[in-house]
Amino acid sequence: AMALSGDLWAELPAERRIFCSVLLFSWAVYLWEAFLAHRQRRVYRTTTHVPQELGQIMDSETFEKSRLYQLDKSTFSFWSGLYSEVEGTMILLCGGIPFLWKLSGQISGHAGFGPEYEIVQSLVFLLLATLFSAMTGLPWSLYNTFVIEEKHGFNQQTLGFFFKDAIKKFVVTQCILLPVTSLLLYIIKIGGDYFFIYAWLFTLVVSLVLVTIYADYIAPLFDKFIPLPEGELKQQIETMAKSIDFPLTKVYVVEGSKRSSHSNAYFYGFFKNKRIVLFDTLLEEYSALNKEPAEGEDGENEETKSKTKSKKQGCKNEEVLAVLGHELGHWKLGHTVKNIIISQMNSFLCFFLFAVLIGQKELFAAFGFYDTQPTLIGLMIIFQFIFSPYNEVLSFCLTVLSRRFEFQADAFAKELGKAKDLYSALIKLNKDNLGFPVSDWIFSMWHYSHPPLLERLQALKDAKQE
C-alpha cells in the first residue's frame with residue numbers, strides 16, 4: 001500500500017506535490033500545536049491546589065484566578081487557531097489568492113492602471129488582503145478583549161476606544177506597509193542578478209528606521225508618553241544606568257492602563273541615545289489603577305473605564321529598579337545586538353533563497369498562477385509557505401536562545417545586588433498578570449521564550465538568601 005501511494009505521489013505533477021506538501025505541513029504544525037495546548041490545558045484543569053513549592057509565593061485565591069484565566073485563554077486559543085487553520089485551508093483550496101489578485105487587477109484597471117502596472121496591482125492586493133484579515137480577525141479580537149480580558153479584570157477599554165484604536169492601527173499600518181512594499185518590489189524588479197543583496201539592505205534600513213522612530217512618532221499616536229517626574233525613582237534609575245555606562249537620555253512613563261492592566265518595561269534607541277519606557281501599570285506610585293478617581297472625574301474620560309481594585313498593582317521603586325536591572329542586562333550582555341545580527345542573517349538567507357526559487361514556475365502554478373508570476377505573490381508563496389518548515393525550526397531555536405538570555409539577564413541583575421528585589425518583583429508581576437506557574441514540560445520547552453517562574457526564582461534564591 002505504501003509503495004502504491006508512493007507511486008501515485010510520484011505521478012502527480014510537481015505543482016500538485018508542492019501544493020499538497022504545503023497543506024499537509026500546515027496541518028501537521030497545527031495538530032502539533034493542538035497536542036501541546038491539550039497537554040497544557042490538562043495541567044490547568046488538574047492542578048487545582050497550590051503546589052507545596054509555591055506555598056510561600058502564591059495564595060490559593062490568586063492561584064485559582066490565574067488557573068481559570070489561563071484555562072479560558074487556552075480554550076479561546078484552541079478555537080481561534082482551528083478557525084484560522086480552516087480559513088487558510090479553504091482560501092488555498094478555493095483559489096482565494098488568484099481570485100484576489102484578479103480582483104485587484106480589475107480595480108486597478110478601472111483606475112486607469114493596466115496589467116503593466118504590476119506594483120499598483122500588488123498594492124491593491126495587499127490592501128484587500130490586510131482588510132480581509134482585519135475583518136475576519138475582528139470578532140475574535142472583540143471576544144478576547146471584552147469577554148476574556150474583561151471577565152478576568154484586565155480590559156480597560158470601552159467599545160468606542162477599541163474601534164477607534166483598531167481603525168488607527170489599520171491606517172498607520174497601511175501608511176508604512178504600502179510605501180515600503182512598493183519600494184521593495186521596485187528594487188527587486190530593477191536589481192538584476194544581485195537584487196537579493198539590495199532588497200536585504202533596503203529591509204535592513206527600513207527596520208532600523210522603524211525601530212528609531214517607533215517610540216517617538218508611532219507609539220504616541222496610540223498612547224500618551226510623559227517624562228518620569230523628577231524624584232527618587234528617576235535619580236536611582238539614572239544612577240544605575242550610569243554605573244553600567246548605559247547612555248540614558250530620557251525616561252518615559254506610558255499610560256498603558258487605559259488599554260489594559262498588564263504591565264511592561266523596555267528600552268529603545270541606538271548608540272548614545274537610549275530611552276527607557278515604563279508602563280504606569282508597573283509603577284505602584286503612578287498606576288492609575290491604584291488611584292481613586294478625583295471628584296467629578298467620572299465621565300470626563302470616556303475612552304477608558306474606571307475600575308477600583310481591592311489590592312494595589314505594580315512594584316515598589318526598589319523592585320522597578322530590579323526589573324530595569326534585568327532589562328539593562330540584555331543591553332550590557334549584547335543580547336539586543338545578537339538578536340539583530342541573527343535576524344539580519346536570517347533575512348539575507350531568505351532573500352538569497354528567494355532569488356534561487358523565484359524562477360520556478362511550478363511554485364506559482366501550485367497556487368493557481370499559471371500565466372503570470374507576480375513578484376509580490378512570489379514573496380508570499382516562498383516566505384510564507386515554502387519556508388514554513390525552516391521557520392518552525394528557527395522559531396524553536398530562538399525560543400531556546402531567548403530563555404538562555406533571560407537567565408543571563410537575571411544573573412546580571414543579581415550582580416547589581418538586585419536579587420532580593422527582582423525575586424519579589426517577579427512574584428508581583430506574575431500575580432498582577434495572573435501568570436500560572438505550573439506548566440507541561442513539552443509545552444514550556446516549545447513556547448516559553450521566558451523561563452517558568454519557579455526556575456527563575458530558584459536561580460535567584462541563593463543570592464537572595466545571601
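Including glycine, each Cβ sits where the backbone N, Cα and C put it.
Per TrEMBL, the feature active site maps to Glu327. The Cβ neighbour count for Glu327 (active site), using a 10 Å radius over every protein chain in view, is 18.
Around Asp410 (active site, proton donor), the C-beta neighbours below 8 angstroms that are at least 6 residues distant in the chain are His326, Gly329, Leu422, Arg456, Ala459, Leu460. Among the features that TrEMBL reports, active site, proton donor is placed at Asp410.
Marked as Zn(2+) binding site by TrEMBL: His326, His330, Glu406. The local packing around Glu406 (Zn(2+) binding site), expressed as other Cβ atoms within 10 Å of its Cβ over all shown chains, amounts to 21.
Annotation source TrEMBL lists domain 'CAAX prenyl protease 1 N-terminal' at 40-224.
Taken from TrEMBL, the feature domain 'Peptidase M48' applies to 227-462.
Using a Cβ-Cβ cut-off under 8 Å and counting only residues 6 or more beyond its ends in the same chain, the transmembrane segment (16-36) has close neighbours at 9, 78, 81-82, 85, 88-89, 92-93, 362-363, 366-367, 385-386, 388-389, 392, 440, 442-443, 446-447. Feature annotation from TrEMBL assigns transmembrane segment to 16-36 (among others).
Annotation source TrEMBL lists transmembrane segment at 76-99 (among others).
Taken from TrEMBL, the feature transmembrane segment applies to 119-143 (among others).
Annotation comment: TrEMBL describes 170-188 (among others) as transmembrane segment. Within the same chain, residues 118-119, 122-123, 126-127, 130-131, 134, 195, 198-199, 202-203, 206, 210, 218, 221, 375-376 sit at least 6 positions outside the transmembrane segment (170-188) and bring their C-beta atoms closer than 8 Å to a C-beta of that stretch.
Residues annotated as transmembrane segment in TrEMBL: 194-215 (among others). Beyond its flanks by at least six residues, the transmembrane segment (194-215) meets 176, 180, 183-184, 187-188, 225, 252, 268-270, 275, 277, 343-344, 347-348, 351-352, 354-355 of its own chain at Cβ-Cβ distances under 8 Å.
Per TrEMBL, the feature transmembrane segment maps to 348-370 (among others).
Annotation source TrEMBL lists transmembrane segment at 376-401 (among others). Same-chain residues lying 6 or more positions outside the transmembrane segment (376-401) and placing a CB less than 8 Å from one of its CB atoms are 18, 22, 25-26, 29, 97, 101, 122, 125-126, 181, 185, 342, 346, 350, 353-354, 357-358, 363-364, 366-367, 369, 446-449.
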Legend entry - Environment of His326, His330, Glu406, the listed Zn(2+) site - residues of the same chain whose CB lies within 8 A of the CB centroid: Glu327, Gly329, His335, Phe405, Gln408, Ala409, Asp410, Phe412, Ala413
Inset, instruction - Would you kindly give the Cα-Cα distance separating Glu406 (Zn(2+) binding site) and Glu327 (active site), rounded to the nearest Å? - result: 9
Inset, instruction - Would you find the one among the binding-site residues His326, His330 whose Cβ has the most company, meaning other Cβ atoms within 10 Å? - result: His326
